[in-house]
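Below is one structure, written out as structure tokens; comments come after it.
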Amino acid sequence: MIVLGIETSCDETSVALVEDNTVIANLVYSQIQIHKKFGGVVPEIAAREHLKRLPILFSELISQTNINIERIDGIAVTKGPGLIGALLVGVSFAKGLALRYKKPLVGINHIIGHVYSNYLAYPDLKPPYIVLMVSGGHTLILKVEENNNVTILGRSVDDAVGEAFDKIARLLGLGYPGGPEIDKISKNGNPNAFNFPKPKMYDPDYNFSFSGLKTAVLYEIKRLTKSGYSENNLPIPDLAASAQEVMIDVLLHKVTKAARDNNLKNIVLAGGVAANSRLREKIRALSEEFNFYIPPLEYCSDNAAMIARAGLERIKSGENDGLNFEPVPNFFEMMST
């Protein structure tokens, strides 16, 4: 079975063809360079770029794979959560194709799509397992049960971890997006140089809070400046490495606690922050107790291959949302549908 995936939830335009667990092609157009000068994603610009790029990318996909759309068994498109304008572009395009070529169409939860990115690398992966979802928009701990029911065990009560990376990077004068910049510069820093607080780390629940860490970094920069450092000679690698270490320690403490409390050994990572090299390094130290599933780097960020793979399950079982669904930008509304 071949499924076409379409992803336009934020600032990546992506289309893919997936046959079972094999990615035939996965094309991604990133808008990072466009949004970089604004220090973050501008929703209206993102939607306009999707509108411009999606038809071009789709034509390239068909041309490169030499697979006629008549051979495609179904279409999967990101339904939400995400930016409403961006989502509308993808959903409208998918509906047009489904109507024109009489193909089944399913709307996919973007969060679940990230989970399914692991199935592209680990086709034998099966529930139950715990998910650590770490991205610019969401930080979640999920429990996926054998019947594929998903329960939210924990979430960030303020900033998502990817958002915290961006904000701390801005404080340190680094570029956008902040996660890769902090990851890179931290390799030259001491992760124990600064004793930043670890918010909610030892609370009994599985929730996260990262806004206080951003404030702690800001106060440390002010303290260093008052003590004689100029803005040009601040110990940026040490500050970045120390802040990154706190975020990773909190993430791993919470997700392993959730796994132990639920008597589960399998932990699945998902989302853009799963590409962080320090996170991957520290996971290796836990590999004797837990089985970690980490998506390949190319499937950590938003992509249509993961959407196609998630849709394949539903289309194979005969599901078809048809044309009677709309994008759902809100996370909690999306998780309840």
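Backbone N, Cα and C atoms are what each Cβ position is placed from, and that goes for glycine too.
Source: prediction; values computed, not measured.
Among the candidates Asp261, Asp302, the residue that Swiss-Prot names alongside His110, His114 for the Fe cation site is Asp302. Under the DSSP three-state reduction, Asn276 (substrate binding site) is assigned to coil, being neither helix nor strand.
Note: the Fe cation site is recorded as His110, His114, Asp302; in the same chain, Glu7, Ser9, Thr78, Ile111, Gly113, Ser135, Ala270, Gly271, Asn303, Met306, Ile307 also have Cβ atoms within 8 Å of that site's Cβ centroid. The DSSP secondary structure for Gly137 (substrate binding site) is coil. Each of the binding-site residues Gly137, Gly179 was scored by the number of other CB atoms within 10 A of its CB, and the lowest score belongs to Gly137.
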